[in-house]
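Working notes, structure below.
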């Protein structure tokens, strides 16, 4: 972090209104802002993959945190498909302890264990279910986990694709729709809270109303099989859809049917992505806020939508208080720029958004009143 504290003054936008924001004491250095800057609550990304452990060649906790700070993100929810997979209370607690050293707020979704007593020992607020878990354990075990989760007051986060519909490497849209219906029945039977992550279909957003929350990613909102044809960089699960499907999802997103915006930031090495069998995953955490602000600039969403989708609702998801006045904020310069992966702050330096004209470049990020990112530089000297 910067050694001196920072006070922000000046006419700047806060939640769509021109205002003056002061943080810090009179001795603090003052950061003067003009109307060319936007002050927003810090962003919260509930779906990231910070890898590390046996996958540190792809990404590390430190690298992931750097990408978050560069993207205006002050809190994240990390996924459990690490190496080893986080399926035990001991691994869950170990990961949380390691993440506590980061300058951002760090949460972890626990993986589903074979022995459900591990859930009672860990008492995680969220459990992540993958299609591979359905293949490994069966829907019966998933339902037992849902019952245990309901009794503990936690939430199931599902990558909702039914593997029964996977065929010859293809994952058709029907796999998502079938999983949604099966999950709906499970939710009503067990009473468990459900969140469907990285949905790709407007029908999913509509079907989830009343019993589940949903999120959508920047790549499923902006990229499709026609405008993203790089077989490596564009390879992701769930798959990118047709332009028509993408546009319908974007319309659902703009209408308020989608609760949360989340990246599914999933780094792999460029060599892996350029191989004959590229692993699925897209890097976008550094620029996800800018991509969302681009939709605001285009008139697709409002500024209130931006804050609701990427700060307020995901903060509520983790029961966090993310408030500008408490020092959790990001400062955005209102300018257009070209996305360049080589400029990313995290370990991952490649993205299918390469060359994309985005709007709103993150200038500074504060966590708890401390500036950890400013004008292209990340400050993490204490870890």
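Glycine residues also receive a Cβ, built from the backbone N, Cα and C atoms like all the rest.
As annotated by Swiss-Prot, Zn(2+) 1 binding site applies to 47, 49, 128, 264. For residue 47 (Zn(2+) 1 binding site), other Cβ atoms within 10 Å of its Cβ number 25.
Residues or ranges marked as substrate binding site by Swiss-Prot: 49, 50, 51, 81, 268, 280, 281. A coil conformation is recorded for residue 51 (substrate binding site) in the three-state DSSP classification, outside any helix or strand.
Packing around residue 198 (Zn(2+) 2 binding site) is summarised by its Cβ count: 23 other Cβ atoms lie within 10 angstroms of its Cβ, all protein chains included. The feature Zn(2+) 2 binding site is assigned by Swiss-Prot to 128, 159, 198.
Marked as N6-carboxylysine by Swiss-Prot: 128. Non-local neighbourhood of residue 128 (Zn(2+) 1 binding site): 79, 80, 81, 109, 110, 111, 112, 157, 158, 159, each in the same chain, at least six residues away, with C-beta under 8 Å from its C-beta.
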- Extra residues within 8 Å (Cβ to Cβ centroid of 128, 159, 198), Zn(2+) 2: 47, 79, 129, 130, 157, 158, 160, 197, 264
- Could you tell me which three-state DSSP class residue 268 (substrate binding site) falls into? coil
- Message: Give me the sequence-ordered set of same-chain residues, not including 47, 49, 128, 264, with a C-beta within 8 angstroms of the centroid of the Zn(2+) 1 site's C-beta atoms.
- Response: 48, 77, 78, 79, 109, 159, 197, 198, 262, 265, 266
- Query: Between 280, 281, which of the binding-site residues has the fewest other CB atoms within 10 angstroms in the structure shown?
  - Reply: 280
- Task: Given the binding-site residues 47, 49, 198, state which is nearest to residue 268 (substrate binding site) when distance is taken between Cα atoms.
- Result: 49
- Task: Taking the Cβ of residue 51 (substrate binding site) as the reference point, list residues of the same chain whose Cβ is under 8 angstroms away and which are at least six residues distant in sequence.
- Result: 58, 59, 60, 64, 82, 267
